[in-house]
Amino acid sequence: LNCHNQMSAQPPTTTRCSRWETNCYKKRWRDHRGYKTERGCGCPTVKKGIQLHCCTSDNCNN
């Protein structure tokens, strides 16, 4: 599985996930500087107020 792993508005980059990871994720939250986005492999647990999107196909988290 290949997932995007760039932060916020950085140019797109991807990473090859380990074979036991079956999801890509995109987390989005707001801080004092504006909205932040984090992407990567897996499907993490998030705190209240953080938007999370998990998906299972290559590069589905952009």
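Quick reminder: no glycine exception, Cβ is built from N, Cα and C everywhere.
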Disulfide-linked residue for Cys24, taking Swiss-Prot as the record, within Cys3, Cys54: Cys3
Recorded disulfide counterpart of Cys43 (Swiss-Prot; options Cys41, Cys54): Cys54
Cysteine paired with Cys41, where Swiss-Prot records a disulfide bond, from Cys17, Cys60: Cys17
Residue among disulfide-bonded residues Cys3, Cys54 with least C-beta crowding, 10 angstrom cut-off: Cys54
Distance [Cα-Cα, Å, rounded] between Cys55 (disulfide bond) and Cys24 (disulfide bond): 5
